[in-house]
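J.: Sharing the features that TrEMBL gives for it:
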DOMAIN    39-285  domain 'G-protein coupled receptors family 1 profile'
TRANSMEM  20-45  transmembrane segment
TRANSMEM  57-76  transmembrane segment
TRANSMEM  96-118  transmembrane segment
TRANSMEM  138-156  transmembrane segment
TRANSMEM  203-223  transmembrane segment
TRANSMEM  235-256  transmembrane segment
TRANSMEM  268-287  transmembrane segment
Amino acid sequence: MENKRNVTEFILHGLTQDKTVAKVCFSLFLLFYAAVVLGNLLIIITIKTSGQLNSPMYFFLGYLSFLDISYSTVTAPKLIYDLLVEKKTISFVGCIAQLFVGHFFGCTEIFLLTVMAYDRCIAICKPLRYTNIVNKHVCGWLVAASWVGGFVHSMVQTLLTIQLPFCGPNEIDHYFCDVHPLLKLACTDTYIVGVTVAANSGAISLSCFVVLVVSYAVILVSLRTRSSEGRLKALYTCTSHITVVVLFFGPCIFIYMRPSTTFAADKMVSVFYTIITPMLNPLIYTLRNREVKNAMKKLWSRKVKQSGQ
């Protein structure tokens, strides 16, 4: 415990030390974060106000948009602020809190994406029984299970990290607090903790990825008996979700399904799944979903009429 108190704050290296590049990045990431918040808020408002978007798929999509905003907010505001300051610091408590909340929202999103794949599998493979199998009660339990799973995972990661002694140095070669960079700073052997952390993240990522692959394999097999029109409609619906899964799971697997080591590319890969993917999700779902686009047009028309009055 005495060793822990030797470090009261951490110094973040951030994305870049070049002031000119930092100013350019500030403008870009401020724009990206605004797009994350506004785009996902638009999805949430559209789903909440539209009477047409009341299926389980849109129920889950609303929660996904909320998670995208929350997950990006854990790191983006601090990153944007630090791009303008010389000394990028974060308190020990703030660092651990960022670690916990980041893993909480990130893991919850992984579970929710898996739930969404299960939902599409039932909708396409058992359309006649779909409303009975995936009813409102089941949807609520699936979302609750995703939150609980994210909380348990985050608690494990945080407790493993917080019990380590940090007696210096206190410089983190990253733009936010994460497990692997913190393990490098601990003044003790972290091999066992590193393996446990990797096993925890790896088991979740791998098991969810297997469920996703199986779900879409079952969907592809079932589509062989459908008409060409039905097959195209089902594939059109699933393509958006598959794209989101690849964009989110790919970087996460690269970062967390490995031993406690850090690479030079980690920061840019982290930017991708903490900011870029949450920004792209609303575009992916609206550009490829006619129902969402129509609901947004109706919402916009309603707002225009109200402002005209």
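Any Cβ shown, glycine's included, is placed from N, Cα and C.
Nobody curates TrEMBL annotations by hand; they come from automatic prediction.
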J.: Relative to the transmembrane segment (203-223), which of 20-45, 57-76, 96-118, 235-256, 268-287 accounts for the most Cβ pairs at distances under 8 Å?
T.: 96-118
J.: Give residue numbers and ranges for long-range contacts of the transmembrane segment (57-76): same chain, 6 or more residues beyond its ends, CB-CB under 8 A.
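T.: Contacts with the transmembrane segment (57-76): 29, 32-33, 36-37, 40-41, 43-44, 47-48, 98, 101-102, 105-106, 108-109, 112-113, 115-116, 119-120, 123, 139, 142-143, 146, 175-176, 237, 244, 270, 274-275, 277-279, 281-282, 285, 292.
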J.: So which of 20-45, 138-156, 235-256 has the most C-beta pairs under 8 Å when paired with the transmembrane segment (96-118)?
T.: 138-156
J.: Could you please provide the mean pLDDT value for the domain 'G-protein coupled receptors family 1 profile' (39-285)?
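T.: Overall, the domain 'G-protein coupled receptors family 1 profile' (39-285) comes to a mean pLDDT of 87.
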